[in-house]
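Visitor: The following feature annotations were taken from TrEMBL:
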ACT_SITE  H17  active site
ACT_SITE  E66  active site
ACT_SITE  H70  active site
Amino acid sequence: QMSANDCQDPPDYWTIHGLWPDKGEECNRTWHFNVTEIKDLMSDMRHYWPDVLHSSLNRTQFWKHEWDKHGTCATTLQALNSQKKYFGKALELYKHIDLNSCLLKAGIKPSSSYYRMTDIKEALTKFYGVTPKIQCLPPEKGEKAQTIGQIEFCFTKQFQLRNCTTLKGESDPMQSAMKLGTEELSVCSDTLLTYYPSEVQ
């Protein structure tokens, strides 16, 4: 979609998609997004949580969507009970995880050759002590490799890292395939070769 908007320089580092509460029964849909509440976070937001799908006239569309859909469901936690706290906490967790340097230290970097998903998983689990959920774009027709698309970390309500496994009797809101633009993201296959591109063509 790069030509459809002004995404001239897509980031060459991992950015934030969102901070999602697992159980969002109490979502306050009347609490509308107000960008002035996060003005102090703006430079970090633009850098670590950029909206690459919408043109520059309204670079807040992605944040508004994340607040409306997920942030308003997270406010029952005191640590997330305002827009500034919600976005600020997501930025803090992102910096704490520091996925970019973890992958580099493990020698996993964008490449034209393929990786084994098990190697990527192993490196992340070794580094963090927990298993994240890695999501991929499945191979296109005639291709043999999946493309790494998103790495999801799971936390307790106290913001301690935990394994991303669905607990018994718990519904997983992210179990369903996720739409990324026009592509479907789903949990990566352990058996398929994995492509980690520097730029998605």
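Start at 1 and count along the chain as shown; that gives each residue its number.
The backbone N, Cα and C atoms fix where each Cβ goes, and this holds for glycine too.
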Visitor: Count the other Cβ atoms sitting within 10 Å of the Cβ of H70 (active site), across every protein chain shown.
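Guide: Result for H70 (active site): 20 neighbouring Cβ atoms inside 10 Å.
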Visitor: Just jot down the residues in the same chain as H17 (active site), at least 6 apart in sequence, with C-beta under 8 A of its C-beta; none if empty.
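Guide: Same-chain residues close to H17 (active site) (Cβ under 8 Å, separated by 6 or more) are E66, Q150.
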